[in-house]
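According to Swiss-Prot, the feature N6-acetyllysine maps to Lys159, an assignment based on similarity to another entry. Among the features that Swiss-Prot reports, SUMO2 cross-link is placed at Lys159, with the record citing similarity to another entry. Residues or ranges marked as region 'Required to functionally cooperate with SREBF1 in promoter activation' by Swiss-Prot: 180-194. Taken from Swiss-Prot, the feature phosphoserine covers Ser193, Ser230, and the record attributes it to similarity to another entry. The annotation phosphothreonine is assigned in Swiss-Prot to Thr222, Thr226. The feature region 'Interaction with FOXO1' is assigned by Swiss-Prot to 240-358, with similarity to another entry given as support. The DNA-binding region annotation in Swiss-Prot covers 285-300. As annotated by Swiss-Prot, region 'Basic motif' applies to 286-313.
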Amino acid sequence: MESADFYEAEPRPPMSSHLQSPPHAPSNAAFGFPRGAGPAPPPAPPAAPEPLGGICEHETSIDISAYIDPAAFNDEFLADLFQHSRQQEKAKAAAGPAGGGGDFDYPGAPAGPGGAVMSAGAHGPPPGYGCAAAGYLDGRLEPLYERVGAPALRPLVIKQEPREEDEAKQLALAGLFPYQPPPPPPPPHPHASPAHLAAPHLQFQIAHCGQTTMHLQPGHPTPPPTPVPSPHPAPAMGAAGLPGPGGSLKGLAGPHPDLRTGGGGGGGAGAGKAKKSVDKNSNEYRVRRERNNIAVRKSRDKAKQRNVETQQKVLELTSDNDRLRKRVEQLSRELDTLRGIFRQLPESSLVKAMGNCA
């Protein structure tokens, strides 16, 4: 981590494997030391750079990132190229100190009294600059290939369109297993023990795991969904302590007692098993039977009365029909008589009768 009391170092003059550090004391600002560490002598003019030695003779560093087309960027080719060049540079850098390379002052060296940089003999060897171009290439090639944020050399990411089979699977699974948000855990009791506090959290995890879906191949059968534990209590038991027949659905419906038979157990074919046994000699059973008999008698009397009333209406309507039929026959006979009378009269009398009417 960088400290707030340090300053950026000035650009380093070119160095070679045969060039020793200048005899003058470096300035504090040039090597990033805090102010006030010692008197800052005026900077001496840098020594004239000597031509590079034989080791670094053919090494150059050219930034070609601006000339590379991102569309034509080949990851494998550049990876092999950079790795091969880096191996060569590291081998040359390792052979550099053996060939007579000296120690150079660097910003990370410890400062002695007066702000001067101490030699490498007292505090271990500094990082070897076997040759300037080798270190420079190592520093340039790493970010050139490894950095991803560079806009010019960003690796190409080929977008793959989703296949129709995957979309069909996802739609089918989404229809079979609709997502349901897990119920929130109930608030813990203020005086509950740790065991009581862990139970709601466990139920919440089970409920959350019950909502997960499985992606299977089309040929495999679809498993049933994981049952989610219900926060409601178990379905009510029958009158005799047995669960009602028909499963949990009938148990949740809640059986209604029959007023006629007086049963209070579950419904269906096994209603008699869940019915409470009643003593036939008790007064309660006798009163219930008497009420049932009275209700049956009333219903039978009402049915008989409705039948009698219906028969009376039928008789009345039949008599009215006969009477109307006789009336129709009488009117038909009178019509025939009047027609015979008009046929017997002459036409002159008919004309006179029509004139008088006019």
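Using N, Cα and C of the backbone, Cβ positions are placed for all residues, glycine too.
Assigned with DSSP, the residues of the region 'Basic motif' (286-313) fall into helix, strand and coil as follows: 28 helix, 0 strand, 0 coil.
Averaged over the DNA-binding region (285-300), the predicted model reaches a pLDDT of 95.
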